[in-house]
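Presented below is the structure to which this report refers.
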Amino acid sequence: GPIPEVLKNYMDAQYYGEIGIGTPPQCFTVVFDTGSSNLWVPSIHCKLLDIACWIHHKYNSGKSSTYVKNGTTFAIHYGSGSLSGYLSSQDTVSVPCNSALSGVGGIKVERQTFGEATKQPGLTFIAAKFDGILGMAYPRISVNNVVPVFDNLMQQKLVDKDIFSFYLNRDPGAQPGGELMLGGIDSKYYKGSLDYHNVTRKAYWQIHMNQVAVGSSLTLCKGGCEAIVDTGTSLIVGQPEEVRELGKAIGAVPLIQGEYMIPCEKVPSLPDVTVTLGGKKYKLSSENYTLKVSQAGQTICLSGFMGMDIPPPGGPLWILGDVFIGRYYTVFDRDLNRVGLAEAA
């Protein structure tokens, strides 16, 4: 049957779960990221200057009986940080890490090629609560054409249905923080029925978006645009000029790097934002599209919409990140190449 993987939620901004690599399994926390296609974790061979490496779990190939050396070098670039190291090798990936302990039958994906990261520049990965990233997008965007974990999982016939589904809890204090269901759909996490939207380009989980309406006054993505559904992005990302207009409409103040803040007392009176996909309307209330961020006793309210340019050939694209997925339970269907959405329970 389907395998549930429990996720932890850190401040509504990072969702991650535990996997094992090697025999016996070495445990790592990873972001299950539908916006990329590679798996990487920090390496025991990381450079001394790599601070991110000091504070995270590290893979030691010498301790695994199923390790196969590969050694090709690689570099991966994300929206927020880049990473270089070497394409380590092949080994067995277990989800969850120790299935015997969790009482759920887990799965083991054999001969999975992944990256052992030896260099992680910048602050991006130091602040991360997770060790690595497990990409769940299509093979087309996999660096070095490595076969992604879910593709290997399908080929090894480890699930009955070639689908996986995400529930992301938007209450940072509540348990569980979320759930990734491999090979199925967990009906306890949504209400009503699922509506499906066809993938328009099999690279990211890309679908067609009809429009984004802010209250009754402003329409963005007029005449339609393309959007990707991305569990690895915290916010909803749009083109800078469109998000600037949206910011004006909701009284948001530009912060840095395309992010905006909103005076917390204004949040309850802000208009709904409605995303239309395939003729279905997906409403987000101001409570859904704002994030409360507390630091040093101060609470600020961050807009859930961020402006960022995604240039051709991939872009221009909107990104429907955790702000959206938290409100709408999401099914990623590799069998029929479609994305299913229903209101999260």
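Cβ coordinates come from backbone N, Cα and C, glycine included.
Note on N198, N288: Swiss-Prot annotates N-linked glycosylation site at N198; no matching annotation appears for the rest, which is not proof of its absence. Among C27, C46, the one Swiss-Prot lists as the disulfide partner of C53 is C46.
The disulfide entry in Swiss-Prot for C221 points, among C225, C264, to C225. Each residue contributes its Cα atom, and for C53 (disulfide bond) and C301 (disulfide bond) these two points are 31 Å apart. Counting every protein chain shown, the number of other Cβ atoms lying within 10 Å of the Cβ of D33 (active site) is 23.
Sorting the glycosylation sites N70, N198 by the number of other Cβ atoms within 10 Å puts N70 first. The shortest Cα-Cα distance from D33 (active site) to any of the recorded positions (C221, D230, C264, C301) is found for D230.
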